[in-house]
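The compositional bias 'Basic and acidic residues' annotation in TrEMBL covers 1-18. Residues annotated as region 'Disordered' in TrEMBL: 1-25. Annotation comment: TrEMBL describes 48-66, 87-112, 132-156, 223-244, 287-305, 461-482 as transmembrane segment.
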Amino acid sequence: MPRQDREHRDAGQSDHRRPREHARRRRVIQAFGDKLSELSERYVPEPFVLAVLLTVLTLVLAAVFGEAVAELSFPERLEALADGWFGAFYGTGLMKFALQMVIVLVTGHALALSKPVRSAIERFAGVAKTPGAAVVVVSLVACAASLIQWGLGAIAGAFMAREMGRAFAKRGQPVHYPLLGAAGYAGFLVWHGGFSGSAPLKVAEEGHFLADAVGVIPISETLLGTLNITVIGTLLVLIPLLFWRLMPRDADKMVQYPLDSFEEADAESTDLPPPKTAVEVLERTRLLNLVIGGLLVGVLVYYFAEKGIGGWNLDSINLLFLTLGILLHPSPSSYVNAIVDGVKGAAGIILQFPFYFGILGLLEASGLIEQIAQFFVDISNADTFPIFTFLSAGIVNFFVPSGGGQWAVQGPVIMQAVDTLGVPPQQAIMALAYGDAWTNMLQPFWALPLLGIMGLRAKDIIGYTGFVMLVTGPVMMLLLYLF
């Protein structure tokens, strides 16, 4: 056979093999994701149950392995741990942080309920015409919103996923609703590299608790640094691709949107009947919102003119989103109703945050948190330290699902190691941020608002988000090593 004919034949066979290999790889990924989803259905408890179980586990570990209480008698050890738990359970500083998180969530929720944002979400929901495209759009919207503000991401991702499921159900077109929910939660894999990231914002504040050791580190060196831009850019490509691969191709394997379970949502969920009294006219006039919003805009302009980019912190973010929400809602009553609706989604924070603060108190009182962080310090060098910081943050996040809380505890040990090993502090800060966000894909605490909005359970989505976590972890560690 002439060589050209053989080459043509081989090329043709190769062209035929490629689609089959592509389909086989996709089936493997789908099967793996389905298996993780099945395991989570069986073994993942509800978030509050998980918080209680983690409290018990932490108590046992702290009592047995905590070096800070090792020399005490068993009754004294339990007393010291109880004091640590109770002191942190309703600790003043931590409760302030909890309130900040509640405000982040409810202001983001209220903004997502405004007519302009809801209309934009519904328009996006109409863009996707295939199940694969649907999950790509949902994940991108969730990630983009979370990079702006994680509270907005939590709600916008949920509404985007629900509206996408509704749009497909209305067309009689199958789409896997739990996978849409998982994609709506994907923003919490990138949030800590966004403009509401707790650890980078904490070290950007004047007088933060580690200022004497590392000074003030502006977000130009953390959130806007080359490392973060590269990591976030890579994830924005990889995350939608992974969810696209996970979408089942067989309609029989898809769980459809429960069209009868939700009332049809109007673009403005906070519509009110026409006013009947002078007071109701005042409560429902846009003019009052414009006046209040205008005053708040003036405050923000003055604040950032004085502080510059260094003034970007949790308090200024909350004021910004409060201002945007007031301006985009048609009346004070509309905004109040949206806030009330958002507080329902914050129930998990209000109930569970004290338990996680208590876990933090146990870890601090026993010295266990420093032991974990110090272990990774001891086995690392300047090149590998960011990777081990990433891994330790991922572990701690299961017990304390709060980026700011993690930084408060791990920060001193990490910054001490930075000085010893010669690692740039901004790199260590972002390594902690990525590790914290990474295991959110298995820690369902921040999925509570999404689950409530979509009518799903944690076990419905964790199998899929867990698969995404397994794939993205090595990628983030590689980038930390290279940079």
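Cβ atoms are placed via backbone N, Cα and C, with glycine included.
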What same-chain residues lie close to the transmembrane segment (223-244): Cβ under 8 Å, and 6 or more beyond its ends? 29, 132, 135-136, 138-140, 143, 147, 179, 182-183, 186, 189-190, 193-195, 197, 200, 426-427, 430, 434, 464, 467-468, 471-472, 475-476, 479-480, 483
Contact set, same chain, for the transmembrane segment (132-156): CB under 8 Å, 6 or more residues outside the stretch: 104-109, 111-113, 117, 121, 124-125, 164, 168, 175-176, 179-180, 183-191, 193-196, 232, 235-236, 239-240, 243-244, 246-247, 317, 321, 342, 345, 446, 449-450, 453
At a C-beta cut-off of under 8 Å, are there same-chain residues at least 6 beyond the transmembrane segment (87-112) that contact it? List them, or none. 118, 121, 149-156, 159, 196, 314-315, 317-318, 321-322, 324-325, 328-329, 335, 338-339, 341-343, 345-346, 349-350, 353-355, 357-358, 360-362, 364, 402, 404-405, 449
Would you mind listing the long-range same-chain contacts of the transmembrane segment (461-482), meaning Cβ under 8 Å and 6+ residues beyond its ends? 29, 32-41, 44, 178-179, 181-182, 185-186, 189, 227, 230-231, 234-235, 238-239, 242-243, 246, 383-384, 386-387, 390-391, 394, 427, 430-431, 434, 438-439, 441-442, 444, 447, 451
